[in-house]
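Chemist: Per Swiss-Prot, the features are:
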- Cys27: active site, phosphocysteine intermediate (ACT_SITE)
- 5-87: domain 'PTS EIIB type-1' (DOMAIN)
- 124-474: domain 'PTS EIIC type-1' (DOMAIN)
- 129-149: transmembrane segment (TRANSMEM)
- 167-187: transmembrane segment (TRANSMEM)
- 193-213: transmembrane segment (TRANSMEM)
- 228-248: transmembrane segment (TRANSMEM)
- 268-288: transmembrane segment (TRANSMEM)
- 299-319: transmembrane segment (TRANSMEM)
- 343-363: transmembrane segment (TRANSMEM)
- 378-398: transmembrane segment (TRANSMEM)
- 402-422: transmembrane segment (TRANSMEM)
- 444-464: transmembrane segment (TRANSMEM)
Amino acid sequence: MSKEERLAKDITHALGGSQNISNIIHCMTRVRIKVHNDAKVNYDELKSINGVLGVVEDERIQVVVGPGIVNKVAKLMADQSGATLAEETTENQSYKSQAEKRAYEHKKQFQSQRKQSKWNKVLKSIANIFIPLIPAFIGAGLIGGIAAILSNLLTAGSISGQWIQQIVTVLNVIKDGMLFYLAIFTGINSAKVFGATPGLGGVIGGTTLLTGITDENPIKNIFTGEHLAAGQGGIIGVIFAVWLLSMVEKRLHKIIPNSIDIIVTPTITLLLIGLLTIFIIMPLAGFVSDGLVYVINWIIGVGGIFSGFIIGAFFLPLVMLGLHHIFTPIHIELINQTGSTYLLPIAAMAGAGQVGAAIALWVRCGKNKELRNTLKGALPVGFLGIGEPLIYGVTLPLGRPFFTACIGGGVGGAVIGGIGHIGATAVGPSGISLLPLIANNMYLGYIVGLLAAYAGGFIFTYFFGTTKEMRNPE
């Protein structure tokens with residue numbers, strides 16, 4: 001029996017057996033399991049399993065097994081239990097087990113002190129809707145970026161050839177396979193989160209695309225009299241509509257006789273919510289999303305350096321609190337309406353400031369072997385925009401470096417805001433990994449912002465972010 005097979009078997013047993021597992025997803029280092037009955041889970045046994053680096057007791061039980069094997073363990077658990085398996089993000093790293101273990105120990109301690117509120121539940125719902133789509137966002141965004149680069153080279157005359165134009169066309173078709181039908185994917189995932197039938201959620205998402213509607217035969221906005229536009233209201237409207245759908249469907253399941261439930265319930269649900277979506281939700285959500293996009297672009301455009309500093313400095317605490325997920329639908333709305341999100345490159349500076357702080361700790365605390373071992377695993381992935389090991393394993397537990405990292409993020413954000421017009425064409429990772437997604441060839445500006453954040457985090461941490469105990473541990 002391989003290590004992965006043993007881990008999967010032992011974890012499944014500690015979770016109360018295969019019958020107690022509802023569904024499984026995994027991120028870069030964790031297997032996240034939704035169980036039917038939490039009382040059947042033996043947490044002591046789960047934590048004692050050889051190969052389990054940590055356990056986070058949350059709405060979804062998070063079992064930390066480390067990078068590289070997490071996808072194998074998750075798949076084996078799904079095969080053994082028959083549970084559905086979805087993938088959040090994937091990673092193929094081989095060195096940072098100590099950093100991951102330290103990070104999740106502190107993360108568990110931090111999360112255990114937080115009171116679960118309705119707001120936290122809303123944030124978890126938003127996260128569960130969009131996290132499974134992150135690989136698709138990244139892949140489609142990068143493909144679109146390649147197509148844009150080739151198109152620019154064609155326009156400039158640097159390259160030529162009909163076959164290159166065909167490649168650009170094909171790449172854009174692949175990209176649009178994700179971005180054009182995002183409302184459908186959002187509807188399906190929203191239905192899963194809200195406990196509705198996924199297919200019905202997808203139909204409601206597809207309804208917002210107004211397929212078949214032409215200028216000669218439009219649907220009018222009942223509030224303004226103007227033609228209703230395809231996708232109006234964006235994913236904000238889709239999420240709200242599917243939430244209503246879930247309540248209607250659940251109610252109908254209770255009152256419709258079993259003999260006709262399979263026919264009557266989906267028909268009535270789709271008809272009712274479909275009409276409500278087209279005539280009420282789309283116009284109102286469109287008003288909200290348009291206003292949101294306008295306000296954010298105005299704040300970034302008018303505020304410039306000041307707005308950039310505030311966003312860059314305060315985004316890391318939002319990540320720490322789990323509040324950063326609320327920005328995902330905002331990024332998507334910005335991209336849908338303007339072609340790029342100016343918010344993401346500024347927010348990405350928070351992670352860069354933390355990298356600068358980590359480099360300063362490496363230089364300043366050379367005698368702290370434990371800290372250096374943690375940094376060996378956490379720092380390389382920090383450059384690529386994966387900041388959790390640094391947050392929970394290094395800066396947050398130490399205290400001071402977390403605040404100096406925030407200042408570094410503010411410095412980078414101020415530079416990005418000062419340069420202006422630096423946007424990202426897709427939602428993706430931060431750090432160096434975001435570079436291919438930068439819009440309008442503003443790559444140099446983004447690099448300058450990154451370097452400024454690195455420098456800011458380094459300088460403030462080097463001079464103000466360490467203590468004698470950090471530098472010379474006993």
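Each Cβ is built from the backbone N, Cα and C atoms, and glycine gets one as well.
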Chemist: Among 129-149, 193-213, 343-363, 378-398, 402-422, which stretch has the most Cβ pairs under 8 Å to the transmembrane segment (268-288)?
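Modeler: Maximum Cβ contact count belongs to 193-213.
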Chemist: Which number gives the other C-beta atoms within 10 angstroms of the C-beta of the residue listed as 'active site, phosphocysteine intermediate', all protein chains shown included?
Modeler: 22
Chemist: Hey, does DSSP put the residue listed as 'active site, phosphocysteine intermediate' in a helix, a strand, or just coil?
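Modeler: DSSP assigns the residue listed as 'active site, phosphocysteine intermediate' to coil.
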Chemist: Taking all residues of the domain 'PTS EIIC type-1' (124-474) together, what is their mean pLDDT?
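Modeler: Mean pLDDT, the domain 'PTS EIIC type-1' (124-474): 89.
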Chemist: Examine the transmembrane segment (402-422) against the transmembrane segment (193-213) and state whether at least 3 Cβ pairs sit under 8 A, considering only residue pairs 6 or more apart.
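Modeler: No; fewer than 3 Cβ pairs under 8 Å.
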Chemist: Against which stretches of its own chain does the transmembrane segment (444-464) lie, if we need a Cβ under 8 Å and a gap of at least six residues from its ends?
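Modeler: Counting only partners 6 or more residues beyond its ends, the transmembrane segment (444-464) has Cβ contacts under 8 Å with 312, 345, 349, 352-361, 363-364, 400-401, 404-405, 407-416, 419, 422, 431-432, 434-435, 438.
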